[in-house]
Amino acid sequence: MSGTKPDILWAPHHVDRFVVCDSELSLYHVESTVNSELKAGSLRLSEDSAATLLSINSDTPYMKCVAWYLNYDPECLLAVGQANGRVVLTSLGQDHNSKFKDLIGKEFVPKHARQCNTLAWNPLDSNWLAAGLDKHRADFSVLIWDICSKYTPDIVPMEKVKLSAGETETTLLVTKPLYELGQNDACLSLCWLPRDQKLLLAGMHRNLAIFDLRNTSQKMFVNTKAVQGVTVDPYFHDRVASFYEGQVAIWDLRKFEKPVLTLTEQPKPLTKVAWCPTRTGLLATLTRDSNIIRLYDMQHTPTPIGDETEPTIIERSVQPCDNYIASFAWHPTSQNRMIVVTPNRTMSDFTVFERISLAWSPITSLMWACGRHLYECTEEENDNSLEKDIATKMRLRALSRYGLDTEQVWRNHILAGNEDPQLKSLWYTLHFMKQYTEDMDQKSPGNKGSLVYAGIKSIVKSSLGMVESSRHNWSGLDKQSDIQNLNEERILALQLCGWIKKGTDVDVGPFLNSLVQEGEWERAAAVALFNLDIRRAIQILNEGASSEKGDLNLNVVAMALSGYTDEKNSLWREMCSTLRLQLNNPYLCVMFAFLTSETGSYDGVLYENKVAVRDRVAFACKFLSDTQLNRYIEKLTNEMKEAGNLEGILLTGLTKDGVDLMESYVDRTGDVQTASYCMLQGSPLDVLKDERVQYWIENYRNLLDAWRFWHKRAEFDIHRSKLDPSSKPLAQVFVSCNFCGKSISYSCSAVPHQGRGFSQYGVSGSPTKSKVTSCPGCRKPLPRCALCLINMGTPVSSCPGGTKSDEKVDLSKDKKLAQFNNWFTWCHNCRHGGHAGHMLSWFRDHAECPVSACTCKCMQLDTTGNLVPAETVQP
């Protein structure tokens with residue numbers, strides 16, 4: 001409080017009262033006006049609140065500072081510091097029959113008159129009142145008074161005097177304080193430290209000082225100019241703020257040598273700083289002649305790493321009103337609420353709205369925090385958008401081990417839910433590629449095995465100018481059609497399309513039977529027709545019509561096919577051309593398009609986008625010449641790449657074109673999971689090293705880690721290292737000799753495998769293997785196992801007492817377990833250890849180190865056991 005500018009204080013125990021003090025004390029009552037009109041005489045504070053004047057106290061002139069008594073009773077007791085140094089206890093509407101009525105009007109008088117700058121009630125012992133005064137060369141500047149002490153004339157000199165000539169009541173003048181501190185210096189600000197009622201922090205003339213009332217002869221201090229407005233963070237009692245001119249300093253009392261943080265200097269002098277009582281680490285500052293209050297959020301302030309490192313804060317500004325602000329006061333309980341007052345006593349009730357912090361979990365849960373409230377976004381019961389999200393799909397697929405089946409590759413589409421036809425086509429394509437690559441490598445190693453994974457586009461290009469057409473008879477018709485002679489490359493293309501199986505026998509019968517079993521009647525009939533077997537096509541349609549889930553319209557189509565005639569101007573051809581446009585099933589449409597097409601012109605079949613790519617490509621391999629086929633495959637490949645259609649992998653293979661196609665697919669769907677598994681399946685090394693492929697793989701690994709699917713990520717890494725040996729990282733940790741510092745494991749001939757993260761030696765578990773019990777560099781003996789006392793490197797199976805009779809391990813069945821049992825493990829605290837198998841056996845029943853006289857609780861030091869992989873948590 002400075003000059004005649006008003007200050008404002010909230011009542012500590014009445015959330016609806018505050019006092020404005022300048023030349024007089026005015027008590028106001030705040031009430032809500034949401035559902036009521038503004039009362040006569042009330043002052044509008046905001047749209048939702050108004051203030052009513054309850055009482056005015058003009059008995060204490062020359063006010064310089066005011067402090068509200070912290071206890072509930074008496075409820076309206078205030079201490080007023082005056083320009084002459086006196087501290088007067090006064091009240092606003094105090095009941096005169098109260099047992100504390102003797103406190104009203106009590107004065108505390110220093111020896112020498114000078115201005116009282118600050119007052120502070122002790123939060124623990126509420127009867128103690130600290131006063132900070134200006135400097136006097138013969139007096140102390142920090143006086144601590146006990147407002148309820150029982151004085152006697154022998155101990156404390158007292159006198160009763162009249163306040164004025166016209167008054168009849170007398171008051172008690174107290175002239176002897178409990179404590180006197182800060183001699184020959186000025187005190188500009190005060191605050192008690194909440195953690196101890198005996199500690200007082202004072203902003204003196206040139207330093208901040210901490211006084212311990214248990215030993216007043218000593219004090220802890222730090223030289224600084226920032227001695228005004230000292231205030232303690234109510235949520236972090238070791239954090240203190242003070243200011244000087246336009247700069248705020250933040251102190252940590254545990255490291256009191258210098259400020260831990262200095263806020264940005266303001267162009268105008270500061271007049272007030274205050275911590276928010278309802279929000280952790282929120283500091284408000286006000287400068288002279290300003291209508292802006294600056295807020296500094298230290299909630300997320302990191303701990304400084306070095307002496308010169310300053311933590312960062314979040315700064316923002318709010319404007320409660322248009323006029324200059326004289327002072328403000330935080331509400332003690334309402335969140336982020338404050339009252340501001342202008343120099344002409346205009347008041348505003350203002351709430352600082354929090355920044356909304358959003359958190360989107362890796363499992364698509366959305367939450368946000370606003371103030372003390374935490375909100376969660378829940379999906380509507382009938383809203384299936386969450387199930388359609390690719391992140392949810394990838395998470396469920398990861399749980400089902402999607403992509404990890406390397407034997408029956410086609411099964412991966414079932415693990416994906418068997419809902420996406422593109423995924424089904426992709427995994428069947430990869431399955432056929434793997435199958436025929438292995439078959440070709442067995443017949444002619446190094447010949448054409450790699451060509452299979454290059455896709456049909458490359459296969460077709462390798463056979464240009466080698467194929468001629470010939471006429472073939474229809475089955476069920478007296479007719480012949482031109483069909484290309486199938487060379488080895490076209491047969492391979494048909495095999496990749498799934499129409500025929502291994503061998504040179506071009507028989508689509510097994511494929512038709514599989515389609516019939518799956519209920520794909522229309523597709524089976526179309527494939528039979530494309531192979532010039534109209535009789536088989538009609539039989540399939542009739543079977544489909546008579547099945548439980550069949551369509552009776554298939555009978556109509558079968559009847560239409562049975563009346564096929566080769567005459568160009570026939571009524572049948574005219575009616576079928578019209579009927580084709582009315583059919584919904586694409587395979588029925590292309591059947592009539594094929595029958596009504598001119599010789600060599602099959603656009604109605606080749607460009608029907610609803611027909612599977614593999615069927616269109618197989619059709620093209622049977623009916624198009626080399627030039628037409630190459631042109632068609634090139635055009636279809638470009639369409640698939642642009643659309644990101646996974647069926648196009650059949651054409652591009654796992655080549656650079658395949659990466660381009662997969663890039664479009666990932667851009668469209670975000671499915672890095674499928675992209676990663678697909679590219680790992682059989683891509684050459686130059687494709688695997690493509691930046692895009694590595695980006696998909698690393699993002700999928702990070703995604704698994706974010707979901708806490710650490711086991712799944714480990715399985716993926718193992719799967720990746722099998723298909724791409726170059727991806728296996730080098731060992732990052734090895735056991736070194738204590739004497740020479742060289743790696744023990746590198747020269748161990750008995751080691752069949754190097755484990756990631758551990759070094760192992762002599763681990764085969766077979767007594768015939770050589771033992772490495774000494775350092776290969778300096779020949780010093782290796783440490784001994786704390787349990788069997790045999791040098792490390794000796795296999796557990798050959799250690800005496802290595803296993804009990806009832807704990808025999810079948811090493812032939814569990815070789816990996818035998819290797820792990822021989823690993824050397826040790827405690828990072830006490831450095832004791834031994835064979836991993838022995839240590840596991842010991843710590844099943846004990847928590848303490850097995851070494852005598854060692855009291856280390858080795859097993860309890862490892863906290864990683866508390867982390868539970870997400871896939872093991874039951875929903």
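Glycine too: its Cβ is placed from the backbone N, Cα and C atoms.
Checking Ser46, Ser481, Ser759, Ser812 against Swiss-Prot for the annotation phosphoserine singles out Ser759. Residue annotated by Swiss-Prot as phosphoserine (from the set Ser361, Ser766): Ser766. Between the listed ranges 406-452, 735-781, Swiss-Prot ties the annotation zinc finger to 735-781. When Swiss-Prot records His835, His838 as binding Zn(2+) 2, the matching candidate from Cys788, Cys854, Cys856, Cys858 it lists for that site is Cys788. Most Cβ neighbours within 10 Å among the binding-site residues His832, His835, His838: this distinction goes to His835.
If you take the Cα of His835 (Zn(2+) 2 binding site) and the Cα of Cys827 (Zn(2+) 3 binding site), they are about 12 angstrom apart, rounded to a whole number. With His832 (Zn(2+) 4 binding site) as the anchor, the candidate binding-site residues are Cys788, His838, Cys858, and the one with the nearest CA is Cys858. For the binding-site residues Cys827, Cys830, His838, Cys858, a Cα to Cα distance of within 10 angstroms from Cys849 (Zn(2+) 4 binding site) holds for Cys827, Cys830, Cys858. Secondary structure of the repeat 'WD 3' (182-221) per DSSP, as helix, strand and coil residue counts: 0 helix, 23 strand, 17 coil.
Cα to Cα, His838 (Zn(2+) 2 binding site) and Cys830 (Zn(2+) 3 binding site) are separated by 17 Å. Cα-Cα distance from Cys830 (Zn(2+) 3 binding site) to Cys854 (Zn(2+) 4 binding site): 8 Å (rounded to the nearest whole number).
It is Cys858 that, of the binding-site residues Cys830, Cys858, has its Cβ surrounded by the most other Cβ atoms within 10 Å. For the binding-site residues Cys788, Cys827, Cys849, Cys854, the greatest number of Cβ atoms within 10 Å around a candidate Cβ is found at Cys849.
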